[in-house]
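Worksheet: the structure to be examined is printed underneath.
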């Protein structure tokens, strides 16, 4: 007898009450066959590149709305780009789950500050954030900028503030970061290539 | 999508003949080549993502398998097994899920009209709306695949992405598979491709490599290429000769006529189960599959 | 990668060592499977753990973590001793025949020139013998005992199969089996492709791990070949781009160097980096350094840079030493740093010795987090119990947390491992008030500039002079920035060959870096990207996937340099121009110039048979078996033990156990454990289900691997009474983590130097933030020491103890 105990218990637990109902004839009528509707028919398709590893798989992002001005677009599905020469439509478990990254409950949504010694985040405006950060940077730079080294050579460096740059940001962000840090005289600049 | 498709082969518990005029369809199949599968679980994610499923965030129980088992929210899971063969370690990883049997035990066991259908292309699909949660399909399945949802008391399993296949796409797991270990096409093409894989494996020291397409259920529309086709049990208990459960045969042969008599049958059904299975019987499956 | 992802399919042997590509790069790994199924290739995995890559390999060789140099030096010895290497290639395309300085020496683990006090080498003797023209001397008969090949033979003679087994724990027969497979690809029509990643870089000897493999590839004649090459599988989606753009302490875009304080003026800087050929008739592309550098200065400072002010040379900061993250966190821990900006970076989780990192951040006055997600770093000041036991009220750091867009919400290009710049498009708006990184940088910069304009302050010139010619200064557009990197003509550029004609007119985007000038008439933010956005449009946005041969798709996106897909491809043909393998001819001489399915990596009109060697970025044009002065710890690779060694000695030279040139800070040296208290060799790594510390925020991935675990072999588990799923405590000298135990057959004890060595595997993906189950930061355990060249931390080899809880 090829019935496992597990099958039997499952059957016993969930089965009896409803099967009784079924046999009493309390069944939906006109049982018609229907596959689930295909959900991408008129969605907007946008090409992008997976942001995780360096294979650089092509992805297709599907978003609500057809681009009409009154529709607020939101991405509801992501799958591989079948035209991409490397992934040819495939995605790994990270890439295949990208939609949950886009909509992660841990996405940051507002600028915040944690005051010295503070226990909580406090929401602030972008204007306040830029103002306070710029003020901190200027104070530190003005106080610690090194124009000449011990030998009197012009070095123009600022060592007391540094920056880590994001390996998932675009080249364009990288380039602006390079201009930003060097114009300020920063040397403590690094990215994930180091680790 | 037409409400009533005419390319249906079979419909559960339906005394009337389904419309089968459009039966000249290409039979499809998903081929899972476990020998090129890296166990990355991309198929699990693509399945959940496409089908809008999110299982619970579970825990680690000392193995890579997670979620630990199929559920109403996880229609496919990878099963990992470490074996030592001829002094060589092998990590056998199998994607488990609905096999889409040509002779589907679930459909045969289902008492609810139209809750399970089989399309002419071979896909066995649950029409959840008509599912009454009786669980007979679970006992009818020779592969232990369908799972009852605690949330809505309906049973769920892989649809072979019938919604994608109906518009001409491959299932989500197939498309996403990084190494191409999961393929999709006509059953004929998949069988031929499996033949090439088996030959390659034989040249690499796996003389028992072969295709898993078990005849006991009329063949399946999900097939495996195995390095050890002689011992499918090595792959986390894949059954060697699966057949439809005798329970279903009982139901079909003996109980179905009683259905009209009413709910007395339900009690009797449970009783027959008890007699048939018994409380302390060793598990035949497990023994066979350890071989 | 010198080659590209799809090219892997052309290999005959694929070696995965120092990486786990099936798990870390699953989709790239499809081309390994393709090589197996379509090209009958064999896959060999060499790893302390039987990984998911090993699960589909033809052969698996176990190795003790941190001993790859010993293994590969053994391979080199095997190739040289048996003569199974590509002799013609080695003679013509490597520096095998070049003669080395007579004073160069190696003895008892040290090369000539070592200074114990500074832990540094004087590299004067690590050089060639030069003739009176300044060219390197060579002996094509290979008889001279001072030629590179003979010195190399002598150097690797110690790495016998027995010694390899003794150091690596790899059984001798398994090692020899690997040697034979590799040797088979010395044939001109067979290639090996090596795939590696952080499993090689994250060691105190990381750079030399890679170098040793590159030497094997040179000896086998696999560099420049279809299906060959040195294939670094980079860890993040745009780590390649960020490196190309020079976001490292002492770098500038396009592998130019930020001037040091020793180069007191522009002339000194250009003289140092504009190298001269070391062989007669050799082209060396770095002779163009001034063109690239001046064009960069024009992009930085715009019209403000002129020949009168040395193109703004003084406005660049000059370094005294590298401020890599280990250096900087050491300074931070001493209270010498006040401010830190973390853009898309989670140092608490990513850097070694997490407790030191948190203590260091606690000394900052201000910390700015720029990220789309909650990171562990952003809440380092919160007490998360055992996982982050800090006193919040005592931490005086002001922390700003600024939300950014993610990939899906912006346009731009990122660069994959194959050096492809792929443009992507925005699909939706960012949530809440999140804005793009560039808007945040612009917001801060514009504010700072206004403050300096109003108040003055320390040396405002570079801030005031920086070119910021964006239509909206608060919102530079990706298109504007991409064109700025590509570069343009600032004046008409006349065609020297045809008077009256122009290579480019003033204002036009440049089609290639050959047009860059050192006289200020061109700009380019990153010379290797020149050609990516031309007058013909955005080349990175191209999406034609036509295969021109061997899986090459040159019309898909754009690859640096010059859209070339296989680097050093001149070496795919013999000196006389005939291909090593007619079945994979990549480029050929058509009588006038080199042509082919890829962009030739050579002087286009230099005929076959000339004296010009193929590696045109090197002064002598040759692949270097002897690295001259380019490496910190020696011109030949040598096995040094990890700083925490399970055997506590170096079987080759007990007096020099670990890398003698590695920089170790005093406090960190005191924090190194010994095998008596921490007996097990530990290694950290990624799992395929997760990406670093991001996907613990992603529900679909949290479902796949919800909870932190460590992997322990059955033998060790039995010794310790640990069962599947038990909680264990794993400690190093620096801290501890607690996690579930996965007990496995896939990690076997190895016999090393007569001792049994157990490995403990530590996946990295958990932390105290995320939607997955909370866990400990794996880097609580890791040592604060880096590779002597790159300062990449030794995450892959250290010592731990394991206890059942």
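Keep in mind that glycine also has a Cβ here, set from the backbone N, Cα and C atoms.
Whatever TrEMBL says is automated annotation, not expert-curated.
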Site-mate of B:37, B:40, B:43 for [4Fe-4S] cluster 1 in TrEMBL, selected among B:161, B:177: B:177
Residue among B:110, B:158 sharing the [4Fe-4S] cluster 4 site, where TrEMBL lists B:131, B:134, B:137 as binders: B:110
TrEMBL [4Fe-4S] cluster 2 site partner of B:158, B:161, B:173, selected from B:47, B:101: B:47
Listed range which TrEMBL flags as region 'Disordered', given the options B:1-20, B:61-80: B:1-20
Among B:106, B:141, B:173, which are recorded as binding-site residues, the nearest neighbour of residue B:131 ([4Fe-4S] cluster 4 binding site) by Cα: B:106
Greatest C-beta neighbour count within 10 angstroms, which of the binding-site residues B:37, B:134, B:137, B:177: B:177
From B:37, B:40, B:106, B:158: binding-site residues whose CA lies within 10 A of residue B:137 ([4Fe-4S] cluster 4 binding site): B:106
Shell list ([4Fe-4S] cluster 3; ref centroid = CB of B:98, B:101, B:106, B:141; cutoff 8 A): B:99, B:100, B:104, B:105, B:107, B:124, B:137, B:140, B:142, B:143, B:145, B:146, B:157
Near chain A - the binding-site residues B:37, B:40, B:137, B:177, filtered by Cβ distance under 8 Å: B:40, B:177
DSSP-derived helix, strand and coil totals, residue by residue, for the domain '4Fe-4S ferredoxin-type' (B:89-121): 5 helix, 14 strand, 14 coil
Cβ-based isolation winner (fewest other Cβ atoms within 10 Å) among the binding-site residues B:110, B:161: B:161
Members of the binding-site residues set B:40, B:43, B:101 whose C-beta sits under 8 angstroms from chain C: B:40
Close binding-site residues near residue B:158 ([4Fe-4S] cluster 2 binding site), where close means Cα within 10 Å, chosen from B:37, B:101, B:177: none
Cα distance (Å, whole number) from residue B:110 ([4Fe-4S] cluster 4 binding site) to residue B:141 ([4Fe-4S] cluster 3 binding site): 10
Helix, strand or coil at residue B:173 ([4Fe-4S] cluster 2 binding site) [DSSP, three-state]: helix
Helix, strand or coil at residue B:161 ([4Fe-4S] cluster 2 binding site) [DSSP, three-state]: coil
